[in-house]
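**Q** Annotations for this protein, taken from TrEMBL, read as follows:
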- 12-33: transmembrane segment (TRANSMEM)
- 54-76: transmembrane segment (TRANSMEM)
- 88-108: transmembrane segment (TRANSMEM)
- 143-166: transmembrane segment (TRANSMEM)
- 186-207: transmembrane segment (TRANSMEM)
- 262-286: transmembrane segment (TRANSMEM)
- 298-320: transmembrane segment (TRANSMEM)
- 372-392: transmembrane segment (TRANSMEM)
Amino acid sequence: MIERLKKVSLPALSAFILFCSYHYGRILGVICFDIGQRTSDNCLVVRNRHQFKWLCLSCRIVSVTAVCCFCAPYVAEIEDPYEWLLQCFRLSASLICGTCIIVVQICYEKELLRMINSFLRLFRRVRRLSSLKRIGFGGKREFFLLLFKFICLVYELYCEVCQLWNLPDLLSWFSTLCEIFLEIGSLMIIHIGFFGYLSVAALYSEVNRFARTELRRQLRSLERPAGCPVGRRQLRIVEYRVDECISVYDEIERVGRTFHRLLELPVLVILLGKIFATTILSYEVIIRAELYPSKIGMWGLVVKSFADVILLTLAVHEAVSSSRMMRRLSLENFPITDHKEWHVKWEMFLSRLNFFEFRVRPLGLFEVSNEVILLFLSSMITYFTYVVQYGIQTNRL
């Protein structure tokens, strides 16, 4: 058993998790395109599916209409201020993100398909750079992040589907189903943001690995004693590798910036909604735990909301730190200084890296980094302490 587990490829498991998440997004109508193999060279490409797209749009519009007609009046009648605030913010975030999904699917469809095809083309280019044959997605860090995200997705689906049990009539079942479809679809935005930034991190990591091992070895091979010139063929091969590596770095930065621009607003809305929902849910569980029969389930929602924020931040941190790794590979020690045109080329490339540094700043308000995790964690601990003290003073605990 242990020997079989050792033979399991983590990148292959990561690819399988991505495959399941892709079909999960298609079921929710957020992903309305198809990924398949091209007949000419068997490469993965993204194809548009107009009929499926309009089916997804129709379902989302029906869901938005049903939520506005049936769920919004119910929320307006809630007397408890905390419950009313939580439900209002949840419905507002779902409606805003649902509208963003409709706008992206209609107005930015071609740009979205080009961006995803650019991701797939970049993975093929990176794999062609290395002489080692790699199958799957990422490495150990990417696998464990994807595994935690997959657990969050399963728990999220379980909690939402449980709401369909023991409903009194067909109208309640239909309105709840539309609300679940709209809410889970909106939450898919933060998951897509996680997968996108993790893909950028995986691309940077693979190129960094190539530059750190194979490219370094090829450049070292140019070191020859005096009187032993390097052959032109070897120089052309190494120069091609250097040019391709620089081109791939530039392409990754461009595709990552395009992805961030497309999902900037909806990811910010969902991120703020997750933080707000975590604070309200924690108050409900601590102060009014008697109203909820399943305390473990409610605490699971709090932990899941917290995990979504943490995983998105970690994926962004992986992408940003991997993009900065190139400047720490000691490229100045390579023997490119003997070739002036290569030296100038590397200087210009490193200058572009400094100027076009990959960063994630939603609407320019703040930078997503590990500092967000520390700030969020310290704020939640302070908030939990305040709520517990309030419960003790008011004899609610």
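Placement of Cβ uses the backbone N, Cα and C atoms for every residue, glycine included.
Please treat TrEMBL annotations as automatic predictions, because they have not gone through curation.
Computed from a predicted structure; not experimentally measured.
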**Q** In the same chain, who gets a Cβ under 8 Å from the transmembrane segment (186-207) while lying at least 6 residues past its ends?
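**A** Counting only partners 6 or more residues beyond its ends, the transmembrane segment (186-207) has Cβ contacts under 8 Å with 18, 21, 25, 28, 30, 93-94, 96-98, 100-101, 119, 122-123, 126-127, 129-130, 134, 137-139, 142, 145-146, 149, 153, 156, 245, 248-249, 252, 255-256, 259, 263, 266-267, 270-271, 274, 308, 311-312, 315-316, 318-319, 322-323, 325-326, 358, 360.
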**Q** Six or more residues beyond either end and a Cβ under 8 Å away: which residues meet both conditions relative to the transmembrane segment (372-392)?
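**A** 275, 278-279, 282-283, 286-287, 306, 309-310, 313-314, 366.
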**Q** Let me spell it out: take the transmembrane segment (262-286), skip the flanking residues so only those 6+ beyond its ends count, and list any with a Cβ under 8 Å from a Cβ in it.
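**A** Counting only partners 6 or more residues beyond its ends, the transmembrane segment (262-286) has Cβ contacts under 8 Å with 82-83, 85-86, 89-90, 93, 96-97, 100-101, 104, 108, 111-112, 115, 186-187, 189-190, 192-193, 196, 292, 295, 298-299, 301-302, 305-306, 308-309, 312, 362-363, 365, 376, 380, 383-384, 387-388, 391, 397.
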